[in-house]
Structure formats: structure tokens, C-alpha cells
Amino acid sequence: NRPENGRLMLADGLADKGPKSLTSSSGQQVSNGFTTSAPQSSTEGPGTGASSGGTAPGAGGGTGSSMPLGGLRTLVVQQTSLERPRETWSKKMDFLLSVIGYAVDLGNVWRFPYICYQNGGGAFLLPYLLMAVFGGVPLFYMELALGQFHRSGCISIWKHICPIFKGIGFAICIIALYIAFYYNTIMAWALYYLLSSFRSTLPWTTCTNSWNTVNCNRYMSTDHNISWSNSSTSPAEEFYTRQVLQVHLSSGLHQLGSVSWQLALCLLFIFTIVYFSIWKGVKTSGKVVWVTATFPYLVLLVLLIRGATLPGAWRGVVFYLKPDWEKLLSTTVWIDAAAQIFFSLGPGFGVLLAFASYNPFHNNCYKDALVTSSVNCLTSFLSGFVIFTVLGYMAEMRKQDVDTVAKDAGPSLLFIIYAEAIANMPAATFFAIIFFLMIIMLGLDSTFAGLEGVITAMLDEFPHVLVKRREWFVFGLVCVCYLGALSTLTYGGAFVVKLFEEYATGPAVITVVLLEVIAVSWFYGTSRFCNDVQVMLGFYPGCFWRVCWVAICPCFLLFIIISFLAFPPEVRLFHYHYPAWTTVLGYCIGVSSFICVPTYMVYHLLNAKGTFKQVLHFLSFSLSLIFFSPRRASVLF
């Protein structure tokens, strides 16, 4: 056998031929292109291909010898690897809760309900489920299987798949940093609200505070002496915009203003929690998620029960679920469904690869993918009831239609509309505390996961430098994220958050995932990948999964990319319309991460050995293989 880096590598010799017996004949390839010097028998011991389904890359190395036994020769593997054993999850539930906590984030609470009612209510569930079944879940399953089989982060995994695509891993890490720059700021806002909730009268219920204007009106059905006009603002809106964000002190992205010291302290506290949760690896973060991933479900259940008992709750539920089948004829509905399921499940951010790489090699990642993706979709659906029962209550109290009350989307839905509704409930302080605590915990789970994806990638790529210095590397990474987030803590920071949200992550990560699917399905080979799954799980993926990986998923992602380019979003926040130059800035930020992919391809090809003429010939030959035989190109690269 040929060990590589002290490991006995697994086979790809089964590729292109579909599922077959794991018992090899003489000289048959049984792992990642390497051939055995002797056939494997069905009596092989643990760690070899027949009885256990193969030896995981990174699970240990060895030297092999063969001996005749009853007419057969048995491969004997001796563990000789001196590599540090890879960390694993303490319990299976640690992994499941971490994945669920990552997938179920703030977008499930504010984005899905808004997208659902905006695109036909109950009718939207049809395209949403179709996009989940044919696009989101297959991608989710593919990343879990890749990470578990190769036991590598999003950078080093490409040396096993197709090295020329290694730039995808670096692009994913940059995207993760961009997300950390703005996503944690939303948790800082929630922490500000949480600290402001520890008082008998919530500060966003009155118009007598120093930040309020003459337009402030507390307009509820019980306030008979108050009249509402088009220029009126609610105390909740003024608390959010003038006290927490202080956007009135900034005229736009060209003049952000000073850093808010209150938000800077809140964000510092958030990152302190993040650091001490992930600094030791999945052994510690796997324990933290038992609280951060389960507490939001308890709060959602409490808020659902409370919302269902409020007057007018039924109006919100009807508005949420009443189907408008005509909207299914609009391409916008299908675009929104595809984008929502993609960003909800979260493939392409390196997190699923990292989390799965700490699993036991024969863990049933297929069942994990189905369970966690189902929980994620059901949570989105449940969140809709939590939000719209309260919106129905607000509409009843204001004597307005639900669509008038629900005009805000994104964070404003939580920090203005829902906060105001909570303030008008009995026991408002209690519900405010648990609600904003839930928002913080939903965000923390996703931050743990996003940074762990970067940490795993870097530690696997530079193990001799970083593995023994993990705590210091994590500290440096958290400091970089905090410094990068300072622009979002200024008076115009909300404008920066919106810019990052629209341009820095969306198009770039979808393009990266498209290349990832193409690299795995077309270059590495679907048959080869399916054989890897068979070695791990003991069964070969069915026709449905293979068709999705080869054709449907690339089309699904290409559909989202084309729709984004054809219908670029009109970005606005409050009364600020983003000027044309901010669109250019947004695209530049997005391209700055994606540029790693072609840059590394050029670097990889230029480092090929040989004269300049030979390199040019190699490049032309490589391009012809890429276009006409990507499967052979993966072997070449």
C-alpha cells in the first residue's frame, strides 16, 4: 500500500462504475486512487475496507503487509501515524444541536414570515418545499458527507477532491469574516434592548424621553385622545432609530459619524462570550449549544402560547397563511423561495464541512441531514405563527389592517413592531427579557458555527503552526472581527450592515457553492463521491440524490445567481436610498472574496513544473479537459 502523510488513503477506484462489493480482487483500487498490493478479504479487521467500510482519511496511518490465509491474502494494517488525533464531538447530540443552532438563526424569525406573506401566504409553502427538496437538502447532505469522509476544513479538503479549486476554501473564509463584521452587531442591538428591559416601564413605550421628537405618538386603541398622521412615529421606532442606532446623526454612508460607545461595549461583551465558547474547540462549544440552541425553542413556544391568547391573533394567522395562488405565476416568488431555503440551511459557508469533520467516520450523516434540515424548515414555519399572532394583535389594537402593521421587514420587524407589541402586553418586562435573550442566543449559535468553520479550515491547512496555538489564533480572529465591525457601530452603522447583508455575502457565497457542486459532481465525479458515501454509511446514494447533485443543484444555484443579476435589489433603509456608487462598492466587496477562486487557479497552474512553453501547452491541454472531460481534469489537477 502507499501511505500518504502517514495515512492509509481510501479508494476512488470504484468511481464511474456505481456501487459494488467492497471486497477487492487483486490489484483493484480501494482508496483515493491508490492500489492495494494484495486483495482485501471479507475477514479484514477494524480500520480496513471490508468490514468497516474503509479507513477514514486522517483517521490514522499505517503500513500494510499481506499473508496467505485459506487461499486468500489478508491486508494487515499497523497504526504508525504520529499525527495528533483529530478532535471529535463528545456526544452525537452536541453535533446535532450545533448544526441546528447554526441553521436556525435570526433569518428564520424575521425573514421567513415576511417572505411568506409577501409571496402568497400558504401558497408560498409549495415553491419553498420544492426548492428545499430538490436544492437545499441535497446540498446540505453533500457537505455533511464531504466533511465527514475527508475529515478536513473548507481549505485543505480540496487536496482530496480537486486541488485547483482550493481557492474556494479561501473565499469561504473571507465571506465568513464579512458576516462576522455585521451579524454580531445585530446581537449588540439586542443586548442593548435586553439591558434596557430591566425596568418596570419599558423605554420604548413612552414619548417623554430625551430622544423623542414632537412627532412621537403612542397610538393604540386605548389612547382615545391620540390621532395618527403620516408624519407620526411610534415610541418604539424612535427608540430604535434615535437611541439605539442614532441614525439621525448620520446623513448616509458618506458620513457615518462617530462610534457609539454603548454599542461598542455591547459588542465587546458578545465577542467575549463567543471567544470563551469556541477557544477550546467543539468540546466546549458542543456544551454551550445545549443552552443556546434549546432556549430559543422554549421562548418560541411561550411566545406562541401567549400570542395565540391575544385579541386579534386569528387575523394575523389568516393573513400569514391565506393562499394567493396567482402569485405562483410570478418568478419573484420562486426566486425568493430558492434564496430563502439556501440561506436558511446554509451550505457553502464551510460550517457543515467543519462540523461533520469531527464526526466518527461511520456516523449516519444522511439521517442527520434529513433531521436537521427538517427541524430548520419547521422552525421557520413555527416562527411565522409567533410573529403573526402578535401582528394580528397589533392590527386589532390599532384598528388597522395587518398588512399596514407588517410593512417593516428585517431587523425592524423585531426591534420596532414586535418590541412595541410586547410592551403593550401584560407582564411586558418578562416577555421583553426572554424575547431579546432569544435573539441573542439565535445569533450566538450562528457566530460559533461561522468562526469554527474558519478556525477548522486554518488549523487543518497550517497544522504545525496553529494546532498548538489554537487559543491565541482564536483570540486574534475574534479581535479582527471586532475591529472589522467598528464601522457598523457608528451612527450610520445600520447603513453599513444593510450594505454587507445585500452584497458582501449573498451573490458571492452562491457562486462559490455553484463551483463547489460542479467540482464535486463533475470533476471529482458523482460515482466516486457516492462510493465514498457507501464506504462510510454502507449504502449507495439513490438516483434522486445523484441527479440532484449532477444537474438540479447547479441549475438551482444558477437560477438564483441569474435572478440576482437580472433583478438587482433596490437597497434602502428607513428614508435613505442608497446612491449608485454604493452599488459599485457593494459589488467590489462581494468580488473581493470570490476573486480568490480564479487567483488560486492561476497560481496553481503557474507553479506547474516545466519550461514556459511546456506550461502554455499544459494550460491549453488543461482547458480542453475542463470543457470536454472534467472527470479526467480532476485527476490531472
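Going from the start of the chain as shown, residues are counted 1 onward.
Positions of Cβ are set from backbone N, Cα and C atoms, glycine also.
Just so it is clear, the model here is predicted, and its values are computed rather than measured.
Partner cysteine of Cys216, as given in TrEMBL, is Cys207 (from among Cys173, Cys207, disulfide bond). Contact between the transmembrane segment (334-358) and the transmembrane segment (288-314) is absent: fewer than three CB pairs lie under 8 Å, with pairs separated by 6 or more positions in sequence. Taking every recorded stretch in 125-146, 288-314, 370-395, 472-497, 578-603 and counting its Cβ pairs under 8 Å to the transmembrane segment (544-566), the highest total belongs to 125-146. Looking at Val104, Cys207, Cys216, Leu442, the recorded positions in this record, the fewest other C-beta atoms within 10 angstroms of the C-beta turn up around Cys207.
Taking the C-alpha atom of Cys216 (disulfide bond) as reference, the shortest distance to any of the binding-site residues Gly101, Val104, Ser344, Leu442, Ser446 belongs to Leu442. Within the same chain, the transmembrane segment (503-524) stays apart from the transmembrane segment (472-497): fewer than three Cβ pairs sit under 8 Å, each pair at least 6 residues apart.
Within the group of binding-site residues (Ser344, Ser446), the Cβ with the highest number of other Cβ atoms inside 10 Å belongs to Ser446. Long-range neighbours of the transmembrane segment (472-497) within the same chain, counting only residues 6 or more positions beyond its ends whose Cβ lies under 8 Å from a Cβ of the stretch, are 177, 180-182, 184-186, 188, 245-253, 255-260, 263-264, 267-268, 271, 274-275, 278-279, 451, 454-455, 458-459, 466, 573-574, 576, 578.
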